[in-house]
Amino acid sequence: MNAIVALCHFCELHGPRTLFCTEVLHAPLPQGAGSGDSPGQVEQAEEEEGGIQMSSRVRAHSPAEGASTDSSSPGPKKSDMCEGCRSLAVGHPGYISHDKETSIKYVSHQHPNHPQLFSIVRQACVRSLSCEVCPGREGPIFFGDEQHGFVFSHTFFIKDSLARGFQRWYSIIAIMMDRIYLINSWPFLLGKIRGIISELQGKALKVFEAEQFGCPQRAQRMNTAFTPFLHQRNGNAARSLTSLTSDDNLWACLHTSFAWLLKACGSRLTEKLLEGAPTEDTLVQMEKLADLEEESESWDNSEAEEEEKAPATAEGAEGRELASCPTESSFLSACGSWQPPKLSVFKSLRHMRQVLGAPSFRMLAWHVLMGNQVIWKSRDVNLVHSAFEVLRTMLPVGCVRIIPYSSQYEEAYRCNFLGLSPPVPIPAHVLASEFVVVVEVHTATRSNPHPAGCEDDQSLSKYEFVVTSGSPVAADRVGPTILNKMEAALTNQNLSVDVVDQCLVCLKEEWMNKVKVLFKFTKVDSRPKEDTQKLLSVLGASEEDNVKLLKFWMTGLSKTYKSHLMSTVRSPTAAESRN
C-alpha cells in the first residue's frame with residue numbers, strides 16, 4: 001500500500017511534532033538510506049511473520065557526518081526539539097524491513113527524508129492535533145485533499161503523572177493519495193490502530209499507577225495556591241514515550257506494527273480487471289467450440305459401439321471410422337473457424353488496399369460488408385488464404401463462412417468466402433449476379449505499380465488483380481457508414497496498423513450494438529414498419545446500404561443471445577396479445 005503511517009505528539013513546549021513514521025519503498029533505497037545494508041553494519045533481527053525481515057540500519061557516524069546529515073535533513077533543528085519531541089537517539093538511522101515476497105522495503109525514521117513527503121506528513125500532523133479532531137478529542141477522523149493527500153487520524157491520550165492534566169496527547173495517522181482506497185480501508189485501519197493504541201495506553205497506565213503509588217501528588221496539589229492561569233507543573237514537560245511506557249524496544253515494536261499494517265492493508269484490497277459481458281464474437285466462438293466437442297464425442301462414441309459389436313473385426317472397423325471421421329481442420333473450415341497458414345502474403349487491410357488500389361478495394365470491401373459472396377481465383381493457395389484472413393476481420397465472427405480452396409464452385413448459402421483454382425468454372429448466372437464479386441489473380445506481364453509502395457514486400461509484384469462484379473459499386477455511392485469510417489482510418493498514415501485494427505474492433509462493436517437493438521425491436525417486440533424506420537433514423541442507419549448491413553450482421557448474432565431475448569424479453573403488447 002502506498003501510504004505513510006506516523007505517530008504524532010502534541011508537545012507542551014513546541015506544539016505538534018512527528019515522532020515516528022514508516023513509509024514504503026518500492027524502488028531501491030536512496031543514497032544514505034541503504035548504506036546500512038552492507039555487511040558488518042546491519043544488526044539482523046529474527047525473521048518476522050509473512051516473510052518480512054527486520055534490521056536496524058546502524059552505522060558509525062563521525063561528528064562531521066552527523067553535522068552534515070542534520071544540516072541536510074528536512075526535519076526541525078535540534079534546538080527546536082526536546083526529549084518528548086524525539087523518538088530515535090541522535091545518530092540512529094532508523095529501521096528497515098525487507099519483504100521477500102514482493103521485494104518491498106518498509107523504512108522507519110522520525111521524519112521522511114524527502115522534503116515533499118516531510119511537508120505532507122508535517123501538515124497532517126498539525127491538523128490531526130489541532131483543528132481536525134472528533135468530539136471528545138479521542139477517536140478517528142478523516143480529512144485531506146488532492147494536493148496534500150488524504151489522512152486517517154486517530155487521536156488518543158497517554159497517562160503521565162508529570163504532565164498537565166496527567167495526560168499527553170498523541171495521534172496515529174495514515175496518509176494516502178488515493179481517497180477511495182483509504183475510505184474502503186477505514187474499518188481495517190480503525191481496528192488495528194485501536195489495538196496499537198490500547199497496547200500503548202496499557203503500558204503507560206502501569207507506569208502511571210506505579211508513579212502515583214510511589215509518589216502521590218494529591219497532597220502537593222491540595223497545598224498549591226489556586227491560580228486561574230495554566231502553568232507547568234513541577235516536573236519534566238518533555239518526557240519521552242519510552243519513559244512513559246517503560247519500554248526500551250518501543251520504536252522497534254512500532255516499526256514492526258506499522259510495517260505489518262501497511263503490508264496487510266495493501267494485501268486485503270486488490271484491484272481486479274472487470275470485463276464486461278462477452279462480445280458476440282466470443283459467444284459465437286464458444287458455441288462453435290462446443291459444437292466441435294459434441295461432434296467429436298459423437299464420433300468417439302460411435303467408434304466404441306462398433307468395436308463392441310464386432311470385436312473380431314475391430315481393426316477394420318477402426319480403419320473405416322477413421323477414414324470417415326472428419327479431421328479437425330475440416331471441422332474448423334466448415335464452421336468458419338479456419339486457421340491460416342504461417343506464411344502471410346497480405347499483412348493488413350491497409351496493405352491489401354495498397355495492392356489492389358483504392359477503387360478495387362472499396363468495391364471488394366463493400367461486398368464483404370453487405371454479405372455478398374467473395375470469390376478468389378488463384379493458383380497460389382497461400383495468397384487466397386491470407387486474403388481471406390485479412391478480409392474476415394471486417395465482419396463479426398458469426399457472419400464468416402469460409403471454404404478456403406475448392407475444386408468446384410459452392411453456392412453462396414454455404415460460404416461467403418470461396419477460394420477456387422483458375423480452371424474451375426463459375427456459372428454464368430453467378431458471374432452476372434450483383435451479389436457476387438470475383439477477384440482473379442493473374443501472372444503479371446510487367447511489374448505491378450501498386451506493390452512498389454509496400455515497404456519491403458515485393459512478393460505480390462508478379463501478380464495482377466482484377467476485381468469484377470455483376471453490379472459494380474458506383475463511384476458516387478455513399479456506401480455504408482462503417483465502410484467510410486474504415487477507409488478514413490486506412491488512409492490516415494498517422495495511425496499505425498495496430499491502431500487501425502483497434503479502430504476496426506470499435507466500429508464492429510458499435511454496429512453490433514445497433515444490430516442487437518434492431519433484432520429486439522423487430523424480432524422480439526414485433527414492432528410495425530413505421531416504428532422500425534424511426535428506430536433506424538435514431539440509430540443513424542436509415543440509408544439503404546446501412547439497412548442491408550444490419551440485416552446481414554443480424555445473422556451473426558449468437559444463439560445464446562437470441563434465445564435469451566426470446567425467453568426473457570417480452571414487450572407489454574405481446575404479453576397482452578398472448579393473454
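The count begins at 1 with the first shown residue.
From the backbone N, Cα and C atoms, a Cβ is placed for every residue, glycine too.
Swiss-Prot lists 287-310 with the feature coiled coil. Within the model, the coiled coil (287-310) shows a mean pLDDT value of 75, rounded to a whole number.
The compositional bias 'Acidic residues' annotation in Swiss-Prot covers 294-308.
According to Swiss-Prot, the feature domain 'uDENN FLCN/SMCR8-type' maps to 86-242, an assignment based on sequence analysis.
What Swiss-Prot lists as domain 'dDENN FLCN/SMCR8-type' is 493-558, and the listing cites sequence analysis.
Per Swiss-Prot, phosphoserine is recorded for S62 (among others), and the stated evidence type is similarity to another entry.
The feature phosphoserine is assigned by Swiss-Prot to S73 (among others).
The phosphoserine feature in Swiss-Prot is assigned to S302 (among others); the stated evidence is a large-scale study or a structure entry.
Neighbour density for S406 (phosphoserine): within 10 A of its CB lie 15 other CB atoms from the protein chains shown. Taken from Swiss-Prot, the feature phosphoserine applies to S406 (among others), supported by similarity to another entry.
Counting every protein chain shown, the number of other Cβ atoms lying within 10 Å of the Cβ of S537 (phosphoserine) is 10. Residues or ranges marked as phosphoserine by Swiss-Prot: S537 (among others).
S542 (phosphoserine) falls outside any helix or strand according to DSSP and counts as coil. As annotated by Swiss-Prot, phosphoserine applies to S542 (among others), with the evidence given as similarity to another entry.
Annotation comment: Swiss-Prot describes S571 (among others) as phosphoserine, evidence class similarity to another entry.
What Swiss-Prot records for 32-82 (among others) is region 'Disordered'.
If you look up Swiss-Prot, you'll see 294-320 (among others) marked as region 'Disordered'.
In the three-state DSSP assignment, the secondary structure recorded for R164 (site 'Essential for GTPase activation (GAP) activity') is helix. Per Swiss-Prot, the feature site 'Essential for GTPase activation (GAP) activity' maps to R164; the stated evidence is similarity to another entry.
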One should report the C-alpha separation between S537 (phosphoserine) and S302 (phosphoserine), rounded to whole angstrom, as 54
Using a 10 Å radius on the Cβ of S542 (phosphoserine), the other Cβ atoms enclosed count 13
R164 (site 'Essential for GTPase activation (GAP) activity') sits from S542 (phosphoserine) (Cα to Cα, rounded, in Å) at a distance of 82
Cβ density check for R164 (site 'Essential for GTPase activation (GAP) activity'), other Cβ within 10 Å (all protein chains) comes to 14
Integer Å value for the Cα distance linking R164 (site 'Essential for GTPase activation (GAP) activity') with S302 (phosphoserine) is 93
The DSSP breakdown of the domain 'dDENN FLCN/SMCR8-type' (493-558) into helix, strand and coil residues is 50 helix, 0 strand, 16 coil
